[in-house]
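Asker: One structure is given below, represented as structure tokens, and several questions about it will come after.
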Amino acid sequence: MSHLLTMSELSEVEISEILKDAEDFANGKESKTTEQTFVANLFFENSTRTRFSFEVAEKRLGLDVLNFSADASSVQKGETLYDTIRTLESIGTKAVVIRHEQDRYFDELKDQVNIPILNAGDGCGNHPTQCLLDLLTIKQEFGRFEGLKIAIVGDVRHSRVARSNAEALTKLGATIYFASPEEWKDEDNTFGTYKPLDELVPEVDVMMLLRVQHERHDHYETDIMKEYHEKHGLTVEREKRMKEGSIIMHPAPVNRDVEIASELVECERSRIFKQMENGVYVRMAVLKRALPNVLGGMKHELFV
């Protein structure tokens with residue numbers, strides 16, 4: 001069964017095939033089911049980009065979308081996530097997309113349910129589809145991963161994006177650096193080396209900024225965020241020192257003038273909105289992988 005839970009479960013060849021399918025969709029290839037197929041989106045945390053991106057992807061593939069509201073469901077009555085998924089499975093749902101605040105919520109589910117789970121983010125753990133859309137964006141820009149230098153900057157400890165990207169990009173041959181306030185370092189993430197931000201600015205090919213996750217911190221004050229921007233954010237002055245041809249990425253939502261100066265969000269180097277566009281194509285590709293009997297399957301030459 002084609003769950004997509006973490007990047008570590010994907011081989012280089014599988015990553016390549018997903019990216020090639022996504023690239024085909026980006027280039028206008030169509031793939032629609034001719035039979036009624038239900039897919040459920042279960043979001044237990046707030047989301048704009050991931051939720052709507054999945055919904056657009058599902059509808060482009062001709063799937064029937066069930067949008068689950070936790071507040072209006074039997075979860076409020078104490079129903080377990082397992083029972084919720086089994087209920088959806090019993091009434092004919094063929095796959096579930098889940099975002100959940102619990103790290104690795106899927107560990108006890110993956111061998112108990114009979115439909116694919118697509119992880120749309122688990123707590124501070126993993127975010128595989130965000131990683132895949134980031135990989136697609138980098139691939140489109142540079143044509144390769146091998147030899148690239150990539151800085152992942154900010155709240156590394158609480159970031160599922162940092163965890164997924166560092167692991168996958170290392171597997172694909174890139175060199176990963178982290179820049180972070182001391183209290184937000186993740187010593188368990190062994191896929192990169194910590195260096196001061198100002199040393200990395202002129203060296204790296206990709207500046208991947210992370211959102212300051214104020215919902216996971218006790219203190220979120222304007223003066224603290226101003227200090228963060230000056231010490232750890234991509235200021236206009238830092239952007240001027242970036243190497244020629246390098247790009248800026250951010251998983252969004254963006255805290256303007258915190259992680260990045262507002263005027264840089266749509267600057268020439270920025271690929272932030274391109275990432276969002278690519279999110280639809282990548283999610284079409286992972287849905288296609290999860291539902292091969294409905295949407296068919298394609299094999300490709302290695303794309304990495």
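Even glycines carry a Cβ here, placed using N, Cα and C.
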Asker: According to Swiss-Prot, Arg49, Thr50, His127, Gln130, Ala252, Pro253 bind carbamoyl phosphate; which one of Arg86, Arg99, Arg289 is annotated to that same site?
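Answerer: Record check against Swiss-Prot: carbamoyl phosphate site with Arg49, Thr50, His127, Gln130, Ala252, Pro253, extra candidate from Arg86, Arg99, Arg289 is Arg99.
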Asker: Hey, does DSSP put Thr50 (carbamoyl phosphate binding site) in a helix, a strand, or just coil?
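Answerer: The three-state answer is helix.
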Asker: Taking the Cα atoms as reference points, how far is Thr50 (carbamoyl phosphate binding site) from Arg211 (L-aspartate binding site) in Å?
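Answerer: Here the two Cα atoms lie 15 Å apart.
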Asker: Among Arg49, Thr50, Arg99, His127, Gln130, Ala252, Pro253, listed as contacts of carbamoyl phosphate, what is the widest Cα spread in Å, to the nearest whole number?
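Answerer: Roughly 16 Å, rounded to the nearest whole number.
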